[in-house]
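Peer 1: Dumping the structure here so I can ask a few things about it.
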Amino acid sequence: MNWKSYVFPGGHPPAALTTGLVVFLTAIYLLSFIFALREDLSLAPESLFKLQMSRLSLYPLIHLSLPHLLFNVLAIWAPLNLFEETHGTVYTGVFLNLSALFAGILYCLLGKLLYPEALVAGASGWCFTLFAYYSFKESQIRPRTRIFRTDYSIPTLYTPLVLLVAIAVVIPGSSFWGHFFGLCVGYAIGYKESWFNKITPPGWIITKIEKSLDGLIRLIPWGIKYYRDEDIDRTKDYEPLMSTETPLPLHNDNSGTVLGTA
């Protein structure tokens, strides 16, 4: 893996919200040793029915162990950086809040029937939302993805599902349903992003907020980029996340040999 391209996706500096989120998740983890944050903010199926909104929106911030935190930080870094770069910093914050809320509601609804006592916490739901979102976008360009540069491939759209099952097998204590519903939200947003945009603040409101906070935005350290909404075109064509290799052709135009997929 090219670690430089992972740390600096697209060769661009780290995005402001993504960087701030990593720092904040680490701070929350450390504070959880002093305050009962895990007990207060972990999401339980009953949280929805008791209208515990703090749990419904903040459960991704809580991590139960250092490996839990590290894995999620590493997993979310590149896709969230790219999302922020193409959608704007404030919009990305709205995206994270709404996706956590939607996944949390689904988790609680099914959990009331199947796992009434099971708690869920951590940013892995966000990770799976981003994985599903980008796998859907990527599948429109590259329908199949090679497995570790072998001659074998799987449908790009289903790659997050493979990861979901693999994690459930390798780490039995992980929250399968929390990951699954994060995945569902990501697929839904990727499929109908125009619908999702209708429930987010209009661009002119975000721009107005940013102008009122311009003094604070200018305090962001050098080397970290804040993406202003007025500079973002969310209608531009999707750009591949990690790879720039040529997609496999879907048909034979009689100009050469069609590449096969295993």
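Using the three backbone atoms N, Cα and C, a Cβ is placed for every residue, glycine included.
The active site, nucleophile annotation in Swiss-Prot covers Ser124. For His179, the entry in Swiss-Prot reads active site, with the evidence type similarity to another entry. As annotated by Swiss-Prot, compositional bias 'Polar residues' applies to 252-262. Residues annotated as region 'Disordered' in Swiss-Prot: 243-262. For 1-16, 79-89, 134-151, 192-262, the entry in Swiss-Prot reads topological domain 'Cytoplasmic', with the evidence type sequence analysis. As annotated by Swiss-Prot, transmembrane segment applies to 17-37, 58-78, 90-110, 113-133, 152-168, 175-191, with the evidence given as sequence analysis.
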Peer 1: What whole-number Å value do you get for the CA-CA distance of Ser124 (active site, nucleophile) and the residue listed as 'active site'?
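Peer 2: It is 7 Å, counting Cα to Cα.
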Peer 1: Looking at the stretches 90-110, 113-133, 152-168, 175-191, which one shares the most CB pairs under 8 Å with the transmembrane segment (17-37)?
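Peer 2: Counting Cβ pairs under 8 Å, the winner is 90-110.
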Peer 1: Which one of these stretches, 58-78, 152-168, 175-191, has the most C-beta pairs shorter than 8 Å to the transmembrane segment (113-133)?
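Peer 2: If we count Cβ pairs closer than 8 Å to the transmembrane segment (113-133), 175-191 scores highest.
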Peer 1: List the residues of the same chain that sit at least 6 positions away from His179 (active site) in sequence and have their Cβ under 8 Å from its Cβ, in sequence order, or write 'none'.
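Peer 2: Those within reach of His179 (active site), by Cβ under 8 Å and sequence separation of 6 or more, are Ser124, Gly125, Phe128, Leu164, Ile167, Ala168.
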Peer 1: Can you break down the topological domain 'Cytoplasmic' (134-151) into helix, strand and coil residue counts using DSSP?
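Peer 2: Going by DSSP assignments, the topological domain 'Cytoplasmic' (134-151) contains 8 helix, 3 strand, 7 coil.
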Peer 1: Over the topological domain 'Cytoplasmic' (79-89), what is the model's mean pLDDT?
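Peer 2: On average, pLDDT over the topological domain 'Cytoplasmic' (79-89) sits at 94.
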